[in-house]
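Structure record follows, encoded as structure tokens.
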Amino acid sequence: MVSDRAYLKGARVGAGLERLRAEVARLLDIFRSGGAVLVEPEALQPAEVLLDLYGEEIRARAFMASDDRGEMMLRPDFTVPIVRLHMDSGAEPARYAYCGPVWRKQEAGSKRAREYLQAGFEVFESGDPARSDAEVMALIARALDGAPVDFVTGDMGLVLAAIDALATNPARKAALRRHVWRPAKFHALLRRYGVEHAGLVERRAAMILARDEGRLPAMAAAAGPAIGLRTLEDIDWRAGRLAIEAATPALSAGEVDLLEAVLGVEAPSGAALDRYRDLSAGMPGLRAAVDRFAARLDALEAAGLDAAALPFQASFGRTALEYYDGFVFGAVAPGRPDLPAIANGGRYDALTRVLGRGRGIPAVGAIIRPEALVALTEGME
Amino acid sequence: MTALKLGVPSKGRLQDATIDWFAARGIRLSRSSQGREYAGRVEGIDGIELVLLSAGEIPRELAAGRLHLGVTGQDVVREQIPAWESQVEEIAEMGFGFADLVVAVPAFWIDVEDMADLDSVAAEFRARHGQRLRVATKYHALARAFFRRHGVADYRLVDSQGATEGTVKNGTAEAVVDITSTGSTLRDNHLRVLPDGLILRSQATLFAARNAPWDEEARGTRAELAARLARAPAPVAGGSA
């Protein structure tokens, strides 16, 4: 029906719409009571910004539009538009509240909504990140009070710290960090640096030897002329990196197992913390991140949540569109596979650095999907 | 009664080979005598209307259900029709129009042996050149899905509707996703196919549209056609339009 909207039948007219509007107003009031100012970013965002951030894959996820002024995308979420708004004009600290539609292309054949509302709250503040994380989650929990949802949390900071803690060369760590959001590729890299390392070294021996003996340009020229923007110098530079890679010992099975153990933790937060304390005994580089995890649990407890009991999944947040690099959380509706997560949020300090061209500011935020929330709670009262 | 609409490429080798293929199965396709009109005649079986279309348009017409059957390449069907298997069905692979869709890089990239290398090159290229590595192609959806499956990031697709193999030499791309039959055109343009860069093996195929108006008449004609196709083809000495 034309009057249907995401997860709600007939809610584009009359009583259905008013019910939804009232819910959105209630959410925005809660966010404003948390100190937020109302913002309304543009629906059309410069395609180049999103392409630079997410790569070509975003074309399969976001709707494109263009005119003589260039290629635009209908915002697939609010995080990037709000970071842009903040970087352009915002003073620190800042808290923002917003609600509006986002648009996502879905897989062919999928019945998932292409257009749906997000109501959100974002905090841009240096200072105590644990307190800001807890502030956002507590506010979302308040907004969802009474709704039958289960919270789940994760911590991309622990994942990234575990990568940094590996006793290996910086290039491997950079590649693993770059692909942390693509679990299949991430594991392919672990194999490449581990069990497949010896085979790769052998395959590359001739090229590395040629480089050592100054024959690399001749070797490349024999294969073909230099075409495209990638130059012979680029190849020589990479061959140098591959020589370092070849000379670096393979990741041991023990290191890979330890990393997998960090990535595999799934337990109530209190028990997860104990597990990470144990793991950091064999991985000292993990300690600072574990301390931050502990501080966040204290802050969540202080904000009125039962922190130790909060479900924790280390893998949570690794497949999202977002650029989360710290605390992540979501609220899902058990027994309602027809509904998406009712809320999602997390910390995205790195995103602000990328969009701010190096000038970053710690940021954490979350969204609620009001249509899904109404669909979930409808008929409950 | 509804005639079953059969879409066939309107020109070139693909049309000639299609005519020969049907002729070997006792069905004679010919263009209408009013040479400019893109319609034709079918003899040897009743109830089929011939529609001549560019091979590139046939997938769209099949997906829309405006054709019942159509002859085109598997590559264009998979590229143009999202979730193609829910829209069309493959009736018969026809044994011509063979083409591989492949990822090819400059032959002088002696440090790149597979898709994983291409990914690390893309990351380094972006860091060193301040822009994403350009990959020229006509097959955007297939290229993007394949790159995602191989975890390749930090590239940019550049649209190329023809002579894609020349784009690197001409300085508008660093790599290509292109169709090749023997690889010689790519080699002539100093490109090398990555061993794990085979995206798809394609050939001309007779497709049926799931969304076409399959009334009793059309279903009957299809069953008759299927019976003909099931018989061994007879050798034919070249057909003509």
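Glycine is no exception: its Cβ is also placed from the backbone N, Cα and C atoms.
All TrEMBL annotations are machine predictions without curation.
Here the structure is a predicted model, which means the values were calculated and not measured.
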Going by TrEMBL, A:D77, A:F78, A:T79, A:Q118, A:E122, A:R318, A:Y323, A:Y324 bind L-histidine; tell me which of A:R59, A:R104, A:R336 is listed for that site too.
A:R104
Within a 10 Å radius around the Cβ, which one of these binding-site residues has the most neighbouring Cβ atoms: A:T79, A:Q118?
A:T79
Based on the record's binding annotation for L-histidine (A:D77, A:F78, A:T79, A:R104, A:Q118, A:E122, A:R318, A:Y323, A:Y324), what whole-number value in Å is the widest Cα to Cα distance?
21
Can you tell me whether DSSP puts A:Y324 (L-histidine binding site) in helix, strand or coil?
coil
Note the mean pLDDT of the domain 'Class II Histidinyl-tRNA synthetase (HisRS)-like catalytic core' (A:250-372), expressed as a whole number.
93
What does DSSP assign A:Q118 (L-histidine binding site), in three states?
strand
